[in-house]
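Taken straight from TrEMBL:
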type	residues	note
DOMAIN	A:68-267	domain 'Cytochrome c assembly protein'
TRANSMEM	A:6-25	transmembrane segment
TRANSMEM	A:37-55	transmembrane segment
TRANSMEM	A:67-85	transmembrane segment
TRANSMEM	A:92-113	transmembrane segment
TRANSMEM	A:125-152	transmembrane segment
TRANSMEM	A:183-204	transmembrane segment
TRANSMEM	A:216-234	transmembrane segment
TRANSMEM	A:243-264	transmembrane segment
């Protein structure tokens, strides 16, 4: 069931992305609405697919890289669609749709590992940990995208030609709001995710923090985002500096998400998930 | 029925002449009444804006243009001969094309500006209220609105920034999103700066401050916009508060330095600042434009923006002209159909076409029919069709002899609609 839904979701995302790309090129409003509607449909199916995988596997479907990429693409698409409700940035579908398609394809070709049914993945603390971290990642990816688009529009404005980039991108102030609102929400969720993880670690492993590589990178990432938030809210770094910093912070986030999960050994790495036990008595 | 369009516009006449021709709005009904009282004129419409005054009239057969022109030139407190020099006159298809082009904003001073369509709609409303439009002009104006809509939706002619002020507004929108509630600072007083401020205010800029070398002039300008006047010495301080700066002083050296802008940016906590420098020599140091959060456009930048759009607009205009040409042909066919003869022949032709098609289909299905039998069927259908169209044709002929021209046109239009004869005209 979840596999079928996964593929139907992928089809909806592919078609929605193609139509959104059509909008990017042709700038017809009908294409925008159609593409957006399809992405919403895809997101609904995606939610169902993940729920089905949860029910079928019995545990939160984020125990392998394959599943994590799937959940991340869901979080990214959700973040874009929700933020787009109030801050309409019409070209986001054309940019994020293909990214989500690639993430889901990557998730599809990765080898399926048997679902680890450890007690750890049934704990409410772990569920909160994983879900808020993933949702936070999705929003912070959007912050980075907002920063990149801000830099592109800034460049287009300074080129003084009113070219195609200038016409298609929204205003600097809208891109700034996009970055700011996704940053605030993403940072909050990431913080909740880290705290709930630490609480669970205390219950299960006897210490809040074990300096596992993923934890170290998560701390670096969190500090970078804290700095980004501080410079933005307190010092008013909103322009190019803020945009560059949001890109740098996201690079650290990718290292945390992929690098520490794949390359560095530690109990957070996907290969050692199976060894995790439940809470100690 | 003949169409005449007579008038003058920014392309043919200087402002003084255009001004004296445009009647005050409240006298438009009387003016329209006076036109339809002219011999031969059946329907009339008058478009008057600050850039053009035009009269569109539908007349009985040939003639009427001399009277129209005499009416337009006379009694305006100016030498009629002087006005007549600037007039243009279009007839038939040319009049229709001109109206379509004007409504589609192809003939505007600022090509693609959207106001003209509203002004023509207003003119049409005034004419219908005065009761001076009937079958022909009603149809023509509805068609005009459709054409303008088509041009707007099928070409990108309205999307282009068209003048320096428009360009400034477009740029400001890409920086601030909406201009609603923003504040502007005008440094120096010039005609272009005033125009730019008015455009910005029309887009929602709510507060204007004026700085000028002579404080009296600054106060005078500020009063007009409901704003504040400030001294040139306070510029640095005010830069921290405003969003858009329009500079146009005659000062030989820059009045806004990079140092001032840097200080202002600190106070603004990252809110961007948009400079429009239309002074020659420039008022704002070029280094200002390189600061993070400052966007500086001087007169050359704006002109090149406008020029870039102008090139793109030529392509769009070509496409728009094609749409107009296509629609002119359609309308002229419809107009010709309002005479009795084309309607009768169109009706007969349609009946014959249906008969031939149906007969052919039936004969194909009936095998083993002798030539005599086939000929009998042919005669039967011919007689049927002839009798069926006989009465409508007699009705049209009768109408064309006895009724007034207006009733005739309405009845012809009705007959064409009942028998769906429009397709022949390429509707």
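Glycine is treated like the rest: Cβ placed from N, Cα and C.
The structure displayed is predicted, hence computed values, not measured ones.
Using a Cβ-Cβ cut-off under 8 Å and counting only residues 6 or more beyond its ends in the same chain, the transmembrane segment (A:243-264) has close neighbours at 65, 68, 72, 137, 140-141, 143-144, 146-148, 150-151, 154, 179, 183, 213-214, 216-218, 220-221, 224-225, 227-228, 231, 237, 270. Put simply, of A:6-25, A:37-55, A:183-204, A:216-234, the stretch with the most CB pairs closer than 8 A to the transmembrane segment (A:92-113) is A:6-25.
Mean pLDDT for the domain 'Cytochrome c assembly protein' (A:68-267) in the predicted structure: 89.
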